[in-house]
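Features reported for this protein in Swiss-Prot:
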type	residues	note
TRANSMEM	7-29	transmembrane segment
TRANSMEM	47-69	transmembrane segment
TRANSMEM	96-118	transmembrane segment
TRANSMEM	153-175	transmembrane segment
TRANSMEM	208-230	transmembrane segment
TRANSMEM	250-272	transmembrane segment
TRANSMEM	279-301	transmembrane segment
COMPBIAS	842-862	compositional bias 'Low complexity'
REGION	842-875	region 'Disordered'
Amino acid sequence: MKKKVTIVTIILFLLVIVGSFGKVTDFIINLEWFKEIGYTSVYFTKLAAILKLMIPIFIIIYTGLWFYYKSIRKIIIKWNKVVEVNVKTEKLKKRVAIVIDVIASFFVAYFTSSVYWYRILQFTSGNSFNIKDPIFNLDVSFYVFRLPLIESLYGVMLLFLIFMAVLTVILYIVLSLRDRVYNRNIGGINISFKEFFKGLSDFAGRQFAIISGLIMFLVAVGYAIRSFNLVYSPRGVVYGGGYTDIHVSLVFYVIIIAAAIVSSVVIFTSIIKYKIKPIFVSIVAILILIIGQSITAEIVQNLIVKSNEKNLEAPYIKNNIEYTRKAFNIDKLSESNFPSSDSLTQADIDSNRDTVNNIKVNSVTPALEFYNQVQVVRYYYDFRDLDVDRYNIGGKYSEVFLAPREIDSKSLEGNADTWQNRHLIYTHGYGLVMSKVNSVTSEGQPNFVIKDIPPQNSTNLKITNPRIYYGEETDDYAIANNTLGEFDYPDGSKNKTNNYDGKGGIKANILNRLIFAINKRDSNFLLSENITSNSKILINRNIMDRLNKIAPFLSYDKDPYVVLSGGKLFWIVDAYTTSDRFPYSQPYNNVNYIRNSVKVVIDAVDGTTNFYIVDKNDPIANSYSKIFPGLFKDVSQVPKDIRSHFKYPEDLFSTQCNVLGKYHVTDTGVFYNSEDLWETAKNQKQINGEKGVNDASYFIMRLPGENKSEMVLMEYFNMKDKDNMSAIFGARMDGNNYGKLILYKLPTDKTVYSPYLFKQKLNQDPSISKEVSLWNTQGSSVQFGDTSIIPIKNSLLYVEPVYLRAQGKNSMPEVKRVIVSFGNKMVMANSIDEALNQIFNNSSNNQSETRTETGGTSTDSSNNKDKLKQAQDLYNQAVDAQKNGDWSKYGDYINKLGKTLDELNK
């Protein structure tokens, strides 16, 4: 028998060991990986924090349960009137109780610590915001760093005490039922409440008194927490405590807190003394206060506040405006009135050439489509996204589109989808493609300055190692520097290969190969002859997965962008510190505080990942730096060239746009009346297409009043539910101006065209609409590009690229014209310079004036007939060229047709 028990024990032990292999290998691999990237301290900080929280919780829970068990055990022995205790049985019960206690305490402690480990670190390391809340005059750090942990521990303790109370009652009921079965004359279930209470008091009066008293004390703690949470109240006209919350609810909460503390003492003593009435009175009093608070608050809100809302809520509206603007970092933006006059001259254009020369004629979506059509080279390459950035090219500060050519191993299909191909051969992407935003080829396509494999580079930018081992599409592990050779790029009928020499990766020694084989359940790690001791196992290669594994407490921008610096590629990811605990701040997407305090730079070759704090005034980022020493570097350590590519992130800007639509108003009366609401401007991409939200765009421009051009992220605002433009919002990002926000408020006494109204205006222009309609015939379609509305001096210049796309699966949109508008003048030309020349130097020939002269000339009828026939012939020739795919001839015919139609209009 003993032998059988030993065998069973051994088998169970082996099963536990085998079952834990996965967790053990996970731990070893994580440890090796954190060591490889230099962040072992970060990994152990979390483990240490979990243990620091877990050990005291385990001790408290274990001790509480053990003393509870011992006291209840004595009561049960006494209850059962046991004269002589069986020592062996008692020892067994004690061992079972210890095992259950240990297991229960471990799970409670582990769950609590693994969920709330970060909150205790914030509690002890939180920095002051130096901002006081307007109700309790507490620093905001109390709400952001300390209150969350207090709430968490309160919830755990309340659940634990309720569990203990319920367990005590259940034990009493079970024993009572058992005794009734044996007809013992004691209080049971079908008896009066008074008898039940006395029986429970006899059974475990002291234990139940302590538990009940503590529960009532926690009721007081709960209402204290609820008082602090009034700064997040949604009751009034704005988010945060309003008139009713402060003058009614808070008063009741204070009374309930005092009553609950008194009741906890009353309940404790009453249970000991077998008195029901004081307990009943205490509980009823608390319930009356709770119900009374709710009813009184509703009465005051509906009968008093609503009829005097504007005056009574004014101070709380002011709080909401002030704290929301602070939380979303729009309280220090630079506001100015922009006249949007029609006073722009050719001299103004000439003095702002750096702005004009960087106006986009390319647009993001069609450019990315073209990149993926002509530059992927092989089917397993992919351009996931198009990034916008600025580079000094040939001595000129230029805005460019660029995209990294990543390898997508998921595209390997059929016989090509093998373990060797996925993990040993196709290990990395190669190179990037770059084009200037301000120029296109004669066919209307992006004009590449870097293209092809190996890179054909017509810029002064150095490219020495453009490989991409870490990126947005590298979702699988790779075993680099193997004997097969890693595919680099196609070279005619052969392939160039590369052997990885980066410092990233875990060494593929026999022990690590064994660990990975167990962890991945893949024997290839051990059996492959192509893996050597010099090979490197690259894991967590997807840059977003990588960041979330290193620093999951940060939020990350959804659009990482690639930078060419020092001949290599680097990824820059914007990281955010966020909170939903900022007092009086209106939440947007479940966040009511956000800062772009951290920039992350990742080497695309070796995966080196550096976190830089760029906002030293952010208390949350500073607390992270204290919690994780060694993780964050100072912004002064960023290489100068990399830093010059830092951009203001679109996700943050979009959030600030949403907030600014309402919170640009600081007057409480105007805010209450919703008199001046804005919304992000709408736009239209196709003729008769649906109206959609206009996307924010990056521009290189010289802002009015500035001496130097710079990159600015800009968005346009309309009046709510109207198409008249009301403001232009911008974020600066070059040099010391990084992060400065500007707001140009437009005149309210005249119509300023929004992107959508501008589209309607050009659609109503006879000459432009005629030509666009002609293009938009069967066999092709017209699409609009990104609308640019550029402030120059005191005026607005509108620019719209016009794309033409032929029907067909592989057709690509091509820029055929550029529409430029200023004031009441609008022209469509082959280039921006040509359009500006027509507007400012040849106003007698511009299309706006042509429109006013239409029908005002006297011409010979036969001459008109010749012109009409010529127009018809040109149209037919254009259609034929279009069908043949000869877009160059098509453009020539359309140009001639336009001139002929202009002559007919004279």
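Glycine is no exception: its Cβ is also placed from the backbone N, Cα and C atoms.
Between the transmembrane segment (208-230) and the stretches 47-69, 250-272, 279-301, it is 250-272 that has the most C-beta pairs under 8 angstroms. Same-chain neighbours of the transmembrane segment (96-118): 46, 49-51, 53-55, 57-58, 61-62, 65-66, 69, 73, 149, 152-153, 156, 160, 553, counting only residues six or more beyond its ends whose CB sits under 8 Å from a CB of the stretch.
Nonlocal intrachain contacts for the transmembrane segment (279-301), taken as residues 6+ away from its ends with a CB within less than 8 angstroms of a stretch CB, comprise 216, 219, 235-236, 243-245, 247-249, 252-253, 255-256, 259-260, 262-263, 266-267, 270-271. Residues of the same chain lying 6 or more positions beyond the ends of the transmembrane segment (250-272) and with a Cβ under 8 Å from any Cβ of it are 135, 201, 205-206, 208-210, 212-217, 219-220, 223-224, 226-227, 230, 241, 278-279, 281-283, 285-286, 289-290, 292-293, 296-297.
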